[in-house]
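K.L.:
Right, I'll just put the structure down here and ask away after.
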Amino acid sequence: FKGGDTCEYLLSSGRFLGEKVWQPHSCMMHKYKNSEAKNCLIDKHVVFIGDSRIRQLFYSFIRLINPQIKEEGNKHGNIPFEDKSASIKVDFLWYPEVNGSMRQRIKSWTEGSVAKPHIIVAGAATWSIKIHNGSNEALTQYKINITSIAPLLEKLAKNSDVYWVLQDPVYEDMLSESRKMITNEKIDAYNEAAVRILNSSSRNSKAKVKVFSVSKLIAQETIMKSADGLHLPESSRDTNAMILMNVYCNKIMKPIDGSCCQPQPPLTLIQKLAFCFFTLSIIGYLIINLIHRNNFRKNKSCTDLEGGEEKKPAISTPNVSTLEMLLHSVCKLGLIMTYFYLCDRANLFMKENKFYTHSSFFIPIVYILVLGVFYTENTKETKVLNREQTDEWKGWMQLVILIYHISGASTFLPVYMHIRVLVAAYLFQTGYGHFSYFWIKGDFGVYRVCQVLFRLNFLVVVLCIVMDRPYQFYYFVPLVTVWFMIIYATLAVWPQIVQKKANGNCLWHFGLLLKLICLLTCIYFLSYSQGAFEKIFSFWPLSKCFELNGNVYEWWFRWKLDRYVVFHGMLFAFIYLALQKHQMISEGKGDALFSNRVSNVLLFISVVSFLTYSIWASSCKNKTECNELHPSVSVVQILAFILIRNIPGYVRSVYSSFFAWFGKISLELFICQYHIWLAADTKGILVLIPGYPMFNVLVSTFIFVCVAHEISQITNDLAQIVVPKDNSTLLKRLLCIAGFFSGLLLFSAMQDQSRH
């Protein structure tokens, strides 16, 4: 809530998550790869000047550029490094004491004839303590010398990034006899002197020398693992180097998961227009509401003074108009979107990196499963995959996925593979549900299509506008949208084959199977022809929807990962409905789905299949190889679960209302988590209450779930208004929506042009 510069927090405070993961206070630190480090430091000159501790930091820093570099050569001398491919120069200058020699070198950079380094990292003190045996005179001289150097550093700081590294504590028990005079008390005295002089000098200057004090905190936790009690272990030095890289590079590279030192992005033209629209909607709603209140007061009943009874008004209060309902929904949405923006675009709330532990994932899983069992109720109907059961299925899967995301469990491959099955199960339900509707109802009207598309895409379109993110960023919604259109096209194209027609002639069943085989062939072809797939989705304006980072590779990867499961859902629905029509299954309350013998055999096979898949997923060693097999084998565990859940009559007759409640808002939960539960576009965790992780999760979760529920209500209300049943009115609305998206594409093109 202090706001301010997250760079100061990055340089001065933080804590360890586990043993090796450093978490800066209030912001997220990006882990730079070699290619990213090179891109950031291209044509840059970096200088490390100081003692052996600075030399170690120098080596850790250049290993971020070239990991093959080893510490070798003259330890008490200058060490140059150059990467010619990126024109990067990094030099270490051996100046173990803050004295006249160091001052002269720094002064030479302030003179016009010498090229100034872009980054200067300086620091020294332990040699002064050692050489002068920890005398007070040495400390006094250190203060004099640093006072003379401070103005020069500030002069350099006007055009360069200058960091003064404070001295890390030592592990006194491990120090050799020649270093026993280097005590933490002395180090603290030298650090206090440096901070006081540099800060007092900075008050009179706009340029500021940044004090790198975070290494002290890191050293306090790790110095015990030092080899000699003086120098930090390698992991701690690497952390310090990564912090330096974040301080300098985040504002240049703008990584999504590196919120430290990143300025707040400026509002785009589309965001400004959205803000104006929501503001005008709120004003309009308030005006209409005031008019209605005044009318209501005029028609309010008067109290009968004699009888003390209330008389009925002569005129009843008017129903809420469509306009008022529309404005009311848009007002609520505007306030919610403001909260989204403040959470994940403004630098108002803190963000932290995720850190995975087995307990952070599995304990909440057990907790919600126990809760779900406590809320068991009887279903209204006992059919296979009835509405309550599918809502329950969506609900518990969504809760598991949410826990998976907030705990950072994607780093643990067995959990990742099981979560991939849950995502596939959602798509399986898409294939099953939409096929069943079209097959039974035979309703291929525009109204049905528009209703589904609106409910799926409304929230994502609004977020694309408000949060300035591409449509493909919310990958799951494009996925289910495209698959819905594929299902619709498969069944709606001539000849339209539905259950009513097929009942009259069994040959129509073969016609439908032929359609499904054609669909499978197309899926197979596109999955092994990346070029053809990318050509289809690279045409404008489709490319605007499916591009991410300038190409459609991410979209192809997401589509390919679960390419068969929707087809499996459609095929399962066809087989199930055929069995149901021919009364080959028993769906009465308490009845097993098949005869006892068949039911027992299928249950045994299902349990074995379910466990076999889990064992295979848990033994995965390589994510790429497992992802290749996943599209073909994920259906095994999905079908096994369906059979286990539906074959026993009692199990099919009950459901968890707790999970079903979450299932009804599962889509909103999945999308909203991106910005108001997680942070930095799902890469981190939103921190509303710093310092209390558990309390923070409880509060942010409560708000997150309430917001998702409210957005679900808003979407349902607006769907009735925007997508009316009357065809002529619907056509007019579709023309308005087409105009809206045309304007959006135009403004988006203007934005892209201004950015370039």
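Cβ atoms here come from the backbone N, Cα and C positions, even for glycine.
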K.L.:
For the transmembrane segment entry in TrEMBL, name the matching range from 599-617, 637-655.
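P.N.:
Of the candidate stretches, TrEMBL labels 599-617 as transmembrane segment.
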K.L.:
Can you dig out which of the ranges 333-350, 423-440 TrEMBL describes as transmembrane segment?
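P.N.:
It is 423-440 that TrEMBL annotates as transmembrane segment.
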K.L.:
Given the cut-off of 8 Å on Cβ pairs that are 6 or more apart in sequence, determine whether the transmembrane segment (473-495) and the transmembrane segment (659-680) share at least 3 such pairs.
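P.N.:
Contact criterion met.
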K.L.:
At least three Cβ pairs under 8 Å linking the transmembrane segment (731-750) and the transmembrane segment (659-680), pairs spaced 6 or more in sequence?
P.N.:
no
K.L.:
Can you work out which residues elsewhere in the same chain, 6+ from the ends of the transmembrane segment (659-680), have a Cβ less than 8 Å from its Cβ atoms?
P.N.:
28, 256-257, 259, 339-340, 343-344, 349, 351-352, 372, 375, 388, 390-399, 401-402, 405-406, 426, 455-456, 459-460, 463, 467, 474, 476-477, 686-687, 700-701, 703-705, 707-709, 711-712, 715
K.L.:
Count the residues of the domain 'NXPE C-terminal' (22-91) that DSSP assigns to helix (H, G, I), to strand (E, B) and to coil, and report the three numbers in that order.
P.N.:
20 helix, 18 strand, 32 coil
